[in-house]
Each structure stands twice: as C-alpha cells, then as structure tokens.
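K.L.:
Below: one structure in structure tokens.
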C-alpha cells in the first residue's frame, strides 16, 4: 500500500466532525432524557457511597463522579462534559494542531462518560462504533501538542491498518447476521420491500424507493449481500485498484442508506472508516494534481498487464459467484432480473465455519506485512538518533496494534461459535478486562426485518376531560398521515428512536415509557421539548393534559395513483390495539408501574448549583433552547468547512508566492504540505537552508545562480525561472 498521509489526515478531520455532531446532538437532549426531571435521571446511575474516587471510576468509568467536587449536580456536570467535548471537537475541526492523540483521548473519555450513564437511550451500535473508532484515533493521531511536530511517523501505516480491520469486521458481520438469523425476508430477498417504510425514521426518498418494482428490490438485497460479505475481503488485497473498487462500493451503499433513511452519524462514520482503503496517490487524483514518487520509476508493462488481468479475474469471480449463488436470470416477461437464494442455511453455515479462521489469518498476514514494511522504513532513516527513536516508537505502536487486533478477535468470532471457542483463553481474558471500556465491540445491523405485517407505531393521546382526545405529534417519527418524512441526518432524536423500539412489543418491555407518560402529565418542559422543540406546537403547552393514553397503529406508505400522480398523504394506517391504558396523576396503575420500575423520585428536590460554572452552563442552554437541532449541527459543520476551505485557499496562495527553495524539501514533506486544507505543515529545514533564506531576504539585487548538481535536479522545469536568487 502506498503513502497514507492524506487519507489519515482526512480520517482525523472527519472524526473531529463526527464527534462534534455526536456531542451537540446529545447535549440538546440531556435535560429531557437525563435531567433531574427527565425520563431517566442520570444521577440515579451514580450512587455516592463515600468510596475513594479511584474505586468509583473503576466501578463506573465516568467523569461525572467529579461533579460534586466541582459543586455541580449530575445534570449540570453532564451538560458541562458535553460542552467541553463539543468545544474540543470544534477546535480539532478548525485547527490541525488539535487533531492530536491527547485531544482524541479526551474526546473518547468524555463520550464514554456519557455512555456510562446513558442507559437505554445511548445503547446503540453506532455509539459503540464511535467509542471504538475514537479509541483507535488515539493511536492513529500524532502527538502534536506535546512533540510540536506533525511529521510523518514510520509506524502510521500500522495503526491506520486497525481502522481497515474495524471496517472489515463491521461490514462482514453486518452481512453475515442477516443470514444466520434465518429471517425469511432476507433469505427470500424481499427485505427491502418492507425496509423503506418500516425503518425507524425514513426520509422522503424512502417513499419513492418503496415504489420500485419487486424484482429491483430483490436485486438490491443481492447487491447488499455482495457488498457486505464478499467485497470486504478485498480490503486486504495487495492490488490497490481492488481496494479502490471496494472503497467505492462501500461508499455507494452508505450513500444510498443516507438518502433513504435517517441513521444519524452512523453512515458518515462508516464512510470515514472507508478512508483507510485509500492512499495519497488516489487523493491526488481527486485533487487533479500530479503525484510524484521518490524513485519516479514506472512499473514495467508486463507487471501492469498482469495486475490488470488478475483484477479482471477477481471481479469476474465476484460476478459469476453472485449469479450462481442467487440464480440471477433475465426475466423477459416482467422486463427485469429474477433472483432467488440458491443455497441453504446449512451450506451458508458451512461456508461461515470455513472462512472465519482464514479471515483471522488474512488479518494476521496483512498486519504482519504492515509491521515489517514499517520496520524497514525505520531502518532506512538517516541518523542514529532518529533511527533509534523511530524504532522505539514502532515497537510501542506495533505492540499496541497487535494487542488491539488480538482482543478484537473475540467479538468478531461471535458470528461463528466453533471459531470463537477455539480462541486462546488469554485473548478472551484480555477482552473481558477491556469490555467495559467499549474499545472493541461486536456488530450486526438489521438482523431481522420488522414490520412485515405493517409498521407498528405508538400514538399518544391527551385529554383535558377524558372525552375529547388530541394526538400528541412528534417532530420526527411518523404520526400525522399528511406530514412529510423528515431529513435530519446526522442528528439522532433518541426518544423517537426508542418509540420505534417500544412499538415492537408490550409497554412492559419499555419501562421508560411509563416515565414519559408521568412527565407529560406533570407538564415538564424539558421532556416536552424532546417531542416538539417549539413548545407552542405542543397541543397542551398552556396546561398539561389531565388524562393520557396510547394506542398502537399499523402504518404503511401510500401507493402512487393509477395515473402516476402522487397521493395527498404519505401514510395510511389502521388501528391495532391499546398500548397503554388511560392514566392520570395519582392513578393506581401509573403509580404501580412507577414503583415497580423505580421511576418515582423519592428524594427531596435539590437546589440548583449557583457556582460560576453552573451559571455559565445554564446560560449556554438558554441560548440554544428552541433551536432545531439539525439546523444547529449543520450550521456548525458548514461554518467549520467554510473556515477550513478559506484557510486552505490562503495557504495555496502563499505557496505560489514562496521562493522555489521550498521545492528542495523531501518528498515526504511535499506530501504533508499538500494535505489537509484546514492548515499547513512547515517543512523542517537544515541550519544551512535557513541561513540561505535569511540571506535571500536581505539581498538587494538578483543574479543568475548556476545549477548545483543533484539538488538542482529536483527542481521542476516550470520553476527554473524562479531559481535566480542571490545566495551568500
């Protein structure tokens, strides 16, 4: 694999943006979810027993234990940590120097602190994925703040390889679990005929995708299986064009998911992981710039033709295997392509047993190759001290990479029991030690397709007299039949998501729903803002409802009319059953449920902290209250991207005005100087070169300078006219 300076920088910038999105999205929802009068107050998760701080951190690794020491209650401390995380991630987005191991460690600790008390509203796979990726960022990012240099490190490819391995585990497991679950819709290739209307929060394009013919939906399922199960093996191909092909297929899948569904930052995070498949050469191709290698020698024509032939063979095998496995045939009657699953569950299970252990060995060989090549690069560094220091760094980070890879094998082999049982017990013990920190996780999305008989949806109704009932409409989840599906990526409304899960079973499976009914009867504004950020849109904003109830409906997308025109409504629905009975404050059923789940706060009300920090946190809250969260997030992202773009253009103009001595830098420094548009790296020059530059500034006239051997050969022909500067 070629140089990865630019993809690594792009990856770190994208991770800073995703952290910013995650912290801002969570921050706005903290009062309603975890506040003292929220659905699941965070302080219930922290039992202050008087133990030493170290013991408390070991029992529950969250910085919220420090709240009382700062004079802050748990709610205020949680908001403060979110604001610090948002500020750090914003700084890392704008300034490259903050894309540092120390900063990413702080971001990881802050998000882990939120996760520890987040309960059901933070137990999503993308939260686990963000924590695992964020931990790897600590190894990938440079120590800029401490060392003061952003130069290329010889072990960078080793640590960056861990991102590729994580991407492989995520995609391969996501494809495998769809078939190991024995879900009839995945085996029958009909999952997407239900998916678009039954996913948590669809987009408007999901309605149009739902109207596509069945043969196309089935073919799309086939494509998803190929991209998630077969293509990930190309991540470790020694041929770069195969890796690039795998990159574009993964990005295509993620973009289609983003267009048809609101999955917050998850798909953006997956695309960020895909950057590990790129190299500097391809990024220069995007930028329409010539990529210059150190030796400048092109591969022989014979070798190039052999590579092309091998690549064609690989893609041909993928296509032929797909045709055979899913019995793809042209259907002239329906004018489409017919498909069906041409293998059995037993055959797939046998395939999984056959490939799981080889997958591990592929990872071992690929990681070993990166380690060996990086060690060779360390040995080729000139200067004893630099070579020694580079070797020490390589030893530390190679050991860390090997450890992370070994521990990740435990959750990866969860997809196949026999392979998991064959792992070395020491690896399993190491996994159990780090499991609580979410540094490695198992993945598997859309294991089973829900809503085959119609999308279940819980609708809450309120009344002031018990006779006339008014539906309480949420901002994002389906409710009003005429309301257009929203577009809110990368924000995740966590209450709306849990309402989707609650509709899949009885109310007893979602204890927090009782707390929601209780808080709405009390008229708690923080909870109401989870439903409508503009409280005036809430039907009972002037006075809380006296009675509440909830019913379950079955929702479907409407169909286009016979003449091809669009219907007036997006949804149609039928009544299913009662989900929650009529309750009011003091109701015996409601009181019993609150006591059963421990949702009623028996402690006396606590006074608000009046420290300077607490007042500052409350002031920030007052400034963002009522602002739509997607608007807030996209404003921050747009401003950050604009700032980075302007900074990049200014740097580009400065580069044009620089003397041509800058072209005498090493090839690595040239690559670094062209990297991230948000900031630039200064080339490290020798004392002699610095003296030459100072003399150039003091010179009063210019004369022609004779070419100087090998150094002048590095100067491009287009820059020869600028090589007329006086030197002393």
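In case you wondered, yes, glycine gets a Cβ from its N, Cα and C as well.
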K.L.:
Suppose you had to name the range TrEMBL annotates as transmembrane segment; which of 247-266, 267-286, 427-446 would you pick?
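P.N.:
Transmembrane segment, as annotated by TrEMBL, spans 247-266.
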K.L.:
For the transmembrane segment (350-372), name the stretch out of 102-123, 158-177, 247-266, 302-330 with the most CB-CB pairs under 8 Å.
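P.N.:
Checked against 102-123, 158-177, 247-266, 302-330; highest Cβ contact count belongs to 158-177.
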K.L.:
Is the number of Cβ-Cβ pairs under 8 Å between the transmembrane segment (102-123) and the transmembrane segment (158-177) three or more, considering only pairs separated by 6 or more positions?
P.N.:
no
K.L.:
Any residues 6+ beyond the ends of the transmembrane segment (302-330) with a Cβ under 8 Å from its own?
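P.N.:
Residues 189, 219, 222, 225-226, 230-231, 234, 237, 239, 241-242, 245, 337-343.
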K.L.:
Restricting to the same chain and to residues at least six past its boundaries, which positions have a Cβ under 8 Å from a Cβ of the transmembrane segment (76-95)?
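P.N.:
Contacts of the transmembrane segment (76-95) (Cβ under 8 Å, skipping residues fewer than 6 from its ends): 12-13, 16-17, 19-20, 23-24, 26-27, 30-31, 34, 42, 63-64, 66-67, 70, 103-104, 106-107, 110-111, 113-114, 117, 608-609, 613-614, 617-618, 620-621, 636, 640, 643-644, 678-679.
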K.L.:
Tell me the residue counts in helix, strand and coil for the domain 'Lipase maturation factor 1/2 C-terminal' (439-581), as DSSP assigns them.
P.N.:
33 helix, 33 strand, 77 coil
K.L.:
Taking 3+ C-beta pairs under 8 angstroms (sequence gap of 6 or more) as contact, is the transmembrane segment (12-30) in contact with the transmembrane segment (247-266)?
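P.N.:
They do touch: at least three Cβ pairs between the two stretches lie under 8 Å.
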K.L.:
If I count Cβ-Cβ pairs under 8 A between the transmembrane segment (392-415) and each of 158-177, 215-235, 247-266, which range comes out on top?
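P.N.:
Per the Cβ under 8 Å count, 158-177.
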K.L.:
Residue list, the transmembrane segment (247-266) vs rest of chain: Cβ under 8 Å, 6 or more residues beyond ends.
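P.N.:
Sequence-distant neighbours of the transmembrane segment (247-266): 18, 21-22, 25, 125-126, 129-130, 167, 171, 196, 199-203, 205-206, 209, 223-224, 227-228, 231, 274, 277-278, 476, 486-492.
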